[in-house]
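Per TrEMBL, these features apply:
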{"type": "TRANSMEM", "residues": "A:6-28", "note": "transmembrane segment"}
{"type": "TRANSMEM", "residues": "A:35-54", "note": "transmembrane segment"}
{"type": "TRANSMEM", "residues": "A:60-83", "note": "transmembrane segment"}
{"type": "TRANSMEM", "residues": "A:95-117", "note": "transmembrane segment"}
{"type": "TRANSMEM", "residues": "A:137-159", "note": "transmembrane segment"}
{"type": "TRANSMEM", "residues": "A:192-214", "note": "transmembrane segment"}
{"type": "TRANSMEM", "residues": "A:226-252", "note": "transmembrane segment"}
{"type": "TRANSMEM", "residues": "A:259-282", "note": "transmembrane segment"}
Amino acid sequence: MDDFFFSLLLAGISVGAVYALIALGLNLTFWTTKTLNFGQGSLMMLCAMLTVFLSSQGLAAALAVLGSLVLVAALGMFIERWTVRPALTSSGGSMGWVVSTLGFGIFLQGMAAKYFGSQAMAFPDLVFTAQDFVTLFGQYVSLQYLVVLAVAVALILTFEIFVRCTVWGHAVHAVSLDPELALVQGIPVRRLILGSFMLSSILAGVAGVLIAQIGGTVDPAFGFDLVLLGFVAAVLGGMGSSLGALVGGLLVGVISKLVGGYVSTAAEHGIAFALLMLALAVRPQGLFGRPEVSKA
Amino acid sequence: MLELRNLSVRYGAVRALEGVSLQAVPGGITAILGANGAGKSSLMRAISGIAPVAAGQVLLDGQDITTLPPPVRARLGVAHAMEGRRLFRQLTVEDNLKLAWSFGARREKLAASLAEVYARFPILETKARTAAGLLSGGQQQMLILSCTTIRSPRFLLLDEPSLGLAPIIVQQIYGFITNYAAQSGIVVMIAEQMATLALRVSHQGLVLRRGRVVLAGAGEELLRGNDGKTLAASYL
């Protein structure tokens, strides 16, 4: 195996893991409300920027990350209450949330540009520096890449177990299937929905910090196209499936890096959307999605 | 005891229920009768908390629950089988039962509760791993009844349990409801279009027409009184 291929594969897997985290975050709100927060990218950006800001104020790296995550989680609740819920209740199942979540994301991006400046800021090293590596199959593997991969896989396994094996996992599924029936069965629907937006925002924040760590810098525009790639990963893997998010994310990451390396970096994003179109044409429910079953 | 005081339900400009009062005592079955659109479902939805109450009160054992959200009412013991065979269709039969049990009163252990359901309706055990949406209509109704009773409710609301089912299944289901009401001693309320069917097992009946009570009384009385002509007239 030549070095070039291997390094592309590795880069693909680690960005793919981040796409998987974004896809997982999108899945979470989809589970409870069948909506997606298209402003996820701004939450990623904001979390990374806040981390830079807080650590520049002299806070320890871990505390800076934690503080940013708490703020982003609060924003997640705000998004549910003020951009998603009104859109869902006002005209009965409208698609208004697409515009309102995206709009709020753009707003956050603008605010970040105003207060943090639109210049790229250097992201501090959290656990490992870019120079830390191990040798694997005779290749240098950056430890930062491995951390990203490990965090993504651990989170995805946790979610998969939660959804499949716990009562609350079933309750979340129930809310997405029939919220009214869930209500009369005593399931605290409101709290589950709010919780899903909080967790989804936290996942976005984690993804943002991880990818900023790999890239080394953050700027207000950061995260916007990443969400689109996360969306492709979610659809490819099957909307709502955690395992699908992981596989979809890795596929998008690896394929786009390989195309970027062997064909042209300009084609990196294009190929991801070609994958999306292919998936929608051939297997609309995604790799791990379940087609709807019902009898009248 | 379940009590409604001058209850009104409005969906925007549409008046679904106007000043309905009612008292249902434990151990008895109350039949809510009426044609399509008379307000039967709205009455039940107002009790479980998913219909907009414009005026009046809903009381459970004297406690005013009119402003409480639906999950809180469910925890107080209200179990509502909604019309149109509402189930989590993508979930398996057993997952539906488990979910209902988990958010119910949990008076018995899960295993014991499941065993009880399966003993009563063996077909549900055979189909335990099947998606609920793939069951036949009768099996779905059995599952719905089991999902409401597995929660050990104190107030059981059944919306048209006979709708679209074969007569023999209807008999089986009504047999179960009557037995359950007698054994558990809880408040049971049935909304039905088939008046004679419901009145035969009920202690009291209430006929709605355009959201208002037009006839009320003991079940037997409504069925036999004036040779049932009054009952028939109230539908027209």
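Every residue gets a Cβ built from N, Cα and C, even glycine.
Using a cut-off of 8 Å between Cβ atoms, the transmembrane segment (A:226-252) and the transmembrane segment (A:60-83) share fewer than three residue pairs, counting only pairs 6 or more apart in sequence. Contact between the transmembrane segment (A:192-214) and the transmembrane segment (A:95-117) is not supported: fewer than 3 Cβ pairs lie under 8 Å, counting only residues 6 or more apart in sequence. Between the transmembrane segment (A:35-54) and the stretches A:6-28, A:60-83, A:95-117, A:259-282, the greatest number of Cβ pairs separated by less than 8 Å involves A:95-117. Most Cβ pairs under 8 A with the transmembrane segment (A:259-282) among the ranges A:6-28, A:60-83, A:95-117 are made by A:6-28.
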